[in-house]
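Student: Relevant sequence annotations retrieved from Swiss-Prot are reproduced here:
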BINDING   83, 182  heme b b562 binding site
BINDING   97, 196  heme b b566 binding site
BINDING   201  ubiquinone binding site
TRANSMEM  33-53  transmembrane segment
TRANSMEM  77-98  transmembrane segment
TRANSMEM  113-133  transmembrane segment
TRANSMEM  178-198  transmembrane segment
TRANSMEM  226-246  transmembrane segment
TRANSMEM  288-308  transmembrane segment
TRANSMEM  320-340  transmembrane segment
TRANSMEM  347-367  transmembrane segment
């Protein structure tokens, strides 16, 4: 009799994806983030479900319903803190996962990469609508400022904004629909994750060397299940440290005040994981130009496979491109810092220089470095 795990129609799929999957023998800890993102998604869906059982999406009661969850619901404070800080862990893992893809040339699996970029955009949309739900000051004004950006679209902009708002300002209709979006999007993300994995398993995983690993594969279980379990424990440790010891460290103090349309906070800024894009948006004095730059800062990921000029896939043996990659990383950290600063000198000019160098590095310098490294590899005698 054949083993059930190899014959049962459903268990067979799980077996081919997580147990008998042939994996390269040399993939490093940078390949852990896929499973960590899966774990983050599960944590967010579960904690979110329990929060939704007690939350009310009405402007009059939303803020107090969140307070009620934290005060009166059994372990409500823990569920809320895990959900809020789980989002930060999600984005931390996402950024590292994308960075890994760029460093090791994983973007050359174009279908997997493109679905990944769509996933990134969907997760960003989910986080944005979720941030509005507690109906604090920063929730309200963040929603107002970001949705207002759509009014920069010529001709249909204003109509589009009012259509999204469900009125002439961010109000009850907006909050209700944002709650609906925030509930449905994680399930769309889950479906996209399955498509992402489907395309990945068509080609098999990349590895640090960037060389075809077919000649040396090992089974996913037990080697990578145990490795992923270690990564998961480390991530859960960091998440619990955040949620239990400093749950409000990454939040904004303004969100402890209920939303007030008559009082604007001195500095409107999004959560830390959007600050790099927010800095790029603010660095252009023109509204439409800023919105286009904001979109380009994320959508540029889609053209990265087209900008690959090197004969080698990975950056492992390419010191010049490595240097540029880490400059790009430092540049993104700088943008994140600038996004949280007030709009005044010297922050304005630093933000503008960092924004220009962000696009310059990706579109021009890294492809040129690839060509130069090809030239350096050619025999000169």
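The backbone N, Cα and C atoms fix where each Cβ goes, and this holds for glycine too.
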Student: Of the stretches 33-53, 113-133, 347-367, which racks up the most C-beta pairs under 8 Å with the transmembrane segment (77-98)?
Tutor: 33-53
Student: I'd like to confirm something. Which of the binding-site residues, 83, 97, 182, has a Cα closest to the Cα of the residue listed as 'ubiquinone binding site'?
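Tutor: Its closest listed neighbour, by Cα, is 97.
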Student: How big is the Cα-to-Cα gap, in Å, between residue 97 (heme b b566 binding site) and residue 83 (heme b b562 binding site)?
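Tutor: The Cα atom of residue 97 (heme b b566 binding site) is 21 Å away from the Cα atom of residue 83 (heme b b562 binding site).
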Student: Might you confirm whether the transmembrane segment (113-133) is in contact with the transmembrane segment (226-246), defined here as three or more C-beta pairs under 8 A between residues 6 or more apart in sequence?
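Tutor: In this chain the transmembrane segment (226-246) does not contact the transmembrane segment (113-133) - fewer than 3 Cβ pairs sit under 8 Å.
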Student: Near the transmembrane segment (178-198), which residues from the same chain, at least 6 beyond its ends, have a CB less than 8 A from one of its CBs?
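Tutor: Contacts with the transmembrane segment (178-198): 17, 38, 41, 44-45, 48, 52, 55, 57, 112, 115-116, 118-119, 122-123, 125-126, 129-130, 132-133, 143.
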Student: Counting only residues 6 or more past its boundaries, what in the same chain has a CB within less than 8 Å of a CB in the transmembrane segment (347-367)?
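Tutor: Long-range Cβ neighbours of the transmembrane segment (347-367): 279-280, 282-284, 293, 296-297, 300, 304, 307-309, 321, 324-325, 327-328, 331-332, 334-335, 338-339, 341.
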Student: Could you round the CA separation between residue 196 (heme b b566 binding site) and residue 182 (heme b b562 binding site) to a whole angstrom and send it over?
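Tutor: Residue 182 (heme b b562 binding site) has its Cα 21 Å from the Cα of residue 196 (heme b b566 binding site).
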Student: Short question: which residues 6 or more past the ends of the transmembrane segment (288-308) have a Cβ under 8 Å from it?
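Tutor: The answer is 98, 102, 105, 107-108, 110, 113-114, 117, 120-121, 124, 149-150, 152-154, 276-278, 280-282, 355, 358-359, 362-363, 366-367, 370.
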Student: Between the binding-site residues 83, 97, 182, 196, 201, where is the Cβ count within 10 Å the lowest?
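Tutor: Relative to the other binding-site residues in 83, 97, 182, 196, 201, 201 has the fewest Cβ atoms within 10 Å.
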